[in-house]
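Residues or ranges marked as [4Fe-4S] cluster 1 binding site by Swiss-Prot on the basis of similarity to another entry: CYS17, CYS53, CYS82. Taken from Swiss-Prot, the feature [4Fe-4S] cluster 2 binding site applies to CYS150, CYS154, CYS157. The domain 'MTTase N-terminal' annotation in Swiss-Prot covers 8-118. Per Swiss-Prot, the feature domain 'Radical SAM core' maps to 136-373. If you look up Swiss-Prot, you'll see 376-441 marked as domain 'TRAM'.
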Amino acid sequence: MSKVTPQPKIGFVSLGCPKNLVDSERILTELRTEGYDVVPSYDDADMVIVNTCGFIDSAVQESLEAIGEALNENGKVIVTGCLGAKEDQIREVHPKVLEITGPHSYEQVLEHVHHYVPKPKHNPFLSLVPEQGVKLTPRHYAYLKISEGCNHRCTFCIIPSMRGDLVSRPIGEVLSEAKRLVDAGVKEILVISQDTSAYGVDVKHRTGFHNGEPVKTSMVSLCEQLSKLGIWTRLHYVYPYPHVDDVIPLMAEGKILPYLDIPLQHASPRILKLMKRPGSVDRQLARIKQWREICPELTLRSTFIVGFPGETEEDFQMLLDFLKEARLDRVGCFKYSPVEGADANALPDQVPEEVKEERWNRFMQLQQQISAERLQEKVGREILVIIDEVDEEGAIGRSMADAPEIDGAVYLNGETNVKPGDILRVKVEHADEYDLWGSRV
């Protein structure tokens, strides 16, 4: 009787942003297709892959700690992802790492796995890989990555040095993936990239094909096509180019979610110039006003940095004034943190940590008040909610205004007869600074 060879087992650690998560999903899909088993513990694994983040220093530290833990617990480790672009830094701390690759180096990662843990001779797992591939998100939503890299050279960021310049995926390929996701039961697609509004710039917005039909490689064309799938489509990381105006009518018509994630970073023209970001606050406020006139339901999310080198109290006050005027719905704020390799490190007038902390607190206090007022306006109204979790106490979902993990939630106490992915009409009964409570209509 022939001896059955056990399936080779791979452990996997995925760190960082949703874009990194998509890279992890792709590697895991390839591994499963080839017959590798993916296991949740170091002890059972023949090898561990760590997909790292290297965006800010705290993320670098977390990645180095994760690599160290994998080495201590298992011993055979391959490193990939953004921090992998800095091989010397990893080798200095962890010389025993077997191999290191940069971000989106899927083929190299698989070659290294094959070298240390040879492929199984037969493939009983092929039918277990779903058509849409392995997903690390809940079944009812998925991230759709449309491009790699970035053409901007913001002084606080090192993404281009790690992930390279913009490379747009062919639009036919993107739309085919979206269709597979919908066929697999996904109810919400979150479009992600380093710069979603630049989609197609690198290929001069050339015409691609989907189902035999010509489609322009652009954000607006992509949104028009995704709207035909009959699911929620949410846009993230939208740089404020003029053509962003063209997607607002699609939101007003209900074709894609009335949700725009635009990282504005600051409101002082001087600081924006130091950041190498576009800098007309008045124009931005005018656009926001115009967008809301076209699409009153529009939710605006943004992120800002306080304590950037050279930021004075006057600059910071301009930022607070902008918040008061813009009344954004969802806001993230970060204290400036030096990133190794970023141009901003060389700027004069670094802001003391205690000043950063004090400004961050003032920023958050103001935005918390604005957020509470914006949510209070929804009390008494009916909204659509997609369910994320259900337990014996009730259900937790999100409105069209809430992206997973970064925004608020809608709590439906006592609502147990639903399942994740269901979309309900809900009457809002209560609101606090970030979340809503309501009951099914």
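A Cβ is built for glycine as well, from the same backbone N, Cα and C atoms used for every other residue.
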*Across all chains shown, how many C-beta atoms besides its own are within 10 angstroms of the C-beta of CYS150 ([4Fe-4S] cluster 2 binding site)?*
22
*asked:* Rounded to a whole angstrom, what is the C-alpha distance between CYS154 ([4Fe-4S] cluster 2 binding site) and CYS82 ([4Fe-4S] cluster 1 binding site)?
replied: 17
*Tell me the Cβ contacts of CYS17 ([4Fe-4S] cluster 1 binding site) under 8 Å, same chain only and six or more apart in sequence, or just say none.*
CYS53, PHE55
_Return only the integer: C-alpha distance in Å from CYS150 ([4Fe-4S] cluster 2 binding site) to CYS82 ([4Fe-4S] cluster 1 binding site)._
14
*Quick one, of the binding-site residues CYS53, CYS82, CYS154, CYS157, which Cβ has the fewest other Cβ within 10 Å?*
CYS154
*asked:* With DSSP assignments reduced to helix, strand and coil, which class does CYS82 ([4Fe-4S] cluster 1 binding site) get?
replied: helix
_Cβ within 8 Å of the [4Fe-4S] cluster 2 site centroid (CYS150, CYS154, CYS157 excluded): which residues?_
HIS152, ARG153, PHE156, ILE158, ILE159, PRO160, GLN194
*Cβ within 8 Å of the mean position of the Cβ atoms of CYS17, CYS53, CYS82: remaining residues of the chain near [4Fe-4S] cluster 1*: LEU15, GLY16, LYS19, ASN20, THR52, GLY54, PHE55, ALA59, GLY81, LEU83, PRO103
_Three-state secondary structure, which DSSP defines for CYS53 ([4Fe-4S] cluster 1 binding site)_ = coil
*Looking only at C-alpha atoms, tell me how far CYS157 ([4Fe-4S] cluster 2 binding site) is from CYS82 ([4Fe-4S] cluster 1 binding site), rounded to the nearest Å.*
12
